[in-house]
Amino acid sequence: MILSHRWQCTIVPVDSGRQRRAYPEGVTENLNTIDSIRLLRLDPGLPMPRRAHRGDAGVDLHSTTDVVIAPGHRELVGTGVAIALPLGTVGLIHPRSGLAAREGLSIVNAPGTVDADYRGEIKVCLINLDPSTPITITRGDRIAQLIIQRVELVDFVEVDELDETTRGDQGHGSTGRGSTA
């Protein structure tokens, strides 16, 4: 494997004897740092997404509309922004912890995924998990947070069998139950 300490790898040998790119075509920048993401404001009346505190992982996304979400119901809410992510990255839309704890507001498909080639408005599918109280969202409210992460864009290779492990095919609640052998 050819790797530099700054992740500027171009070729990785693969068991099949062929070679493939370690990162998708078009990724040439230093992958240790992403200084900025191109953002298009579709609603200039809303604040720019930004971190509440310097070390926060996510930036706050704001609602473009007023909406009332009935208990147990969901609404697709626009954020008024579109972004251009570099190949090899993903945007993850997470609930805001305070809204989840105080109001029962969450995201249906948490975390939501913004793929690198998507250029449309980021929308959030919000759900009211409170059993009895509607949630009122006002235009401009912070409704979710966006986190940018690197992803491995791998190829899948079909095989006849997988290597053996202690866990094997035990899943969904099997951890801590002891051996099935």
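Glycine is treated like the rest: Cβ placed from N, Cα and C.
If you look up Swiss-Prot, you'll see R96, S97, G98, N109, T113, V114, D115, K123 marked as substrate binding site. DSSP assigns D115 (substrate binding site) to coil, not to a helix or a strand.
Largest Cα-Cα distance over the residues recorded as binding substrate, namely R96, S97, G98, N109, T113, V114, D115, K123, equals 26 Å. In the three-state DSSP classification, G98 (substrate binding site) falls within a helix.
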